[in-house]
Amino acid sequence: LQGIFVLGLPYALLHSGYSGLLLIVLAAALCCYTGKILIACLYEEHEDGQLIRVRDTYEDIANACCKKLSPSLGGVVVNVTQVVELIMTCILYLVASGNLLSHSFPYVPVTEKTWSVIAFVTLLPCIFIRTLKIVSKLSQLCSLVHFVIIFVVITYCLTQMHQWSWAKFRLSLEFEDFLVSVGVIIFSYTSQIFLPTLEGNMKNPGEFRCMLNWTHFFACILKTTFALTAFLTWGEKTKEVITDNLPSFLETLVNLCLLTKALLSYPLPFFAATEIVYSCVSKDNHSNYRSPLLALTVRGSFLLLTLLMAMFTPHFALLMGLSGSVTGAAMTFLLPSLFHLKLKWEKLSFLEKCADISVFILGFLCSLAGIVCSIKGLLEVFG
């Protein structure tokens, strides 16, 4: 999903101007911070001052925060939120795959939805994915394809340096367009759903904070460079997905690379969503499949669900924006800061409390603005 958002960053700069460059840096810092405080909630300090990992998942953190109200309420809310966001992401990959195939082969008399079905057929082996190791290998290939796409676009833009001009940046901004830019920039960094599992599977979890710092730093540099070079190349002609600005021969190449990336990206959110549901249904260790038939049923049902929603949900992009404004902001800003305040209040300094409260307020405002814009778009479409 981040790859799709990254391709929209130049368009975000078109509507946010110089403030967009600042937002790219600020979003990296905020998402890095919320990732750290979320992982901090997995640990408690022992009597001797040593930190002990007492929780394993986002669900465990939520249950610990809500145990006085209800032992499992927090976990249910978090799990539902996670599954909705992950399934929406899977559907978006299918919709994007159909769109990319349709644009790559415009002379083939096949509808976009039919192309989505063809893409879906290639994803059927996901039913048999049982371990994170397979998913991680597919994600590595996905990252490689992502860098190829970025390299091709930046290389082309560098050949057009003679026409670059800083005068292309806008000084006056329209509020609604600016909010769209904020959403694209912030959600190009989100990864909080996967962080507890990632940290738990590291050989040396003590290096997690350092890893998070460096990955967000390099992501910020890469995204700033990509967005800036692309926007300086096309200026006011910058399109929502920057690959549409490329010459036809490069556009087809990049679209096929994007298709590959979308198909390779699908297994990660799919695996995460089915693991959550399976663990809730089986009430067992979700890395241990004692009932293969149940596991296959859960995975097969989810796979079919993503196809049906991709085929028959009208105005999916607007619905994605609405759900993303709720679930994305909640999982990235609202819940990490709220849980950190709840579990660590007595040990936090005044500045740390202010930071958490500020992140929570910012997340709430982003979510509210996204909801308003999405509902307005839906009303315009249906009205």
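Backbone N, Cα and C define each Cβ position, glycine as well.
Now, the feature entries from TrEMBL:
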DOMAIN    2-375  domain 'Amino acid transporter transmembrane'
TRANSMEM  20-43  transmembrane segment
TRANSMEM  76-95  transmembrane segment
TRANSMEM  115-132  transmembrane segment
TRANSMEM  144-166  transmembrane segment
TRANSMEM  178-198  transmembrane segment
TRANSMEM  210-233  transmembrane segment
TRANSMEM  253-281  transmembrane segment
TRANSMEM  293-312  transmembrane segment
TRANSMEM  318-339  transmembrane segment
TRANSMEM  359-379  transmembrane segment
For the transmembrane segment (210-233), sequence-distant contacts whose Cβ falls under 8 Å of one of its Cβ atoms, 6 or more beyond its ends: 6, 9-10, 12-14, 20-21, 24-25, 28-29, 31-32, 35-36, 150, 153-154, 156-158, 160, 163-166, 168-169, 188-189, 202, 242, 245
Interface check, the transmembrane segment (144-166) with the transmembrane segment (293-312), three or more C-beta pairs under 8 A: no
The transmembrane segment (115-132) vs the transmembrane segment (20-43): 3 or more CB pairs under 8 Å: no
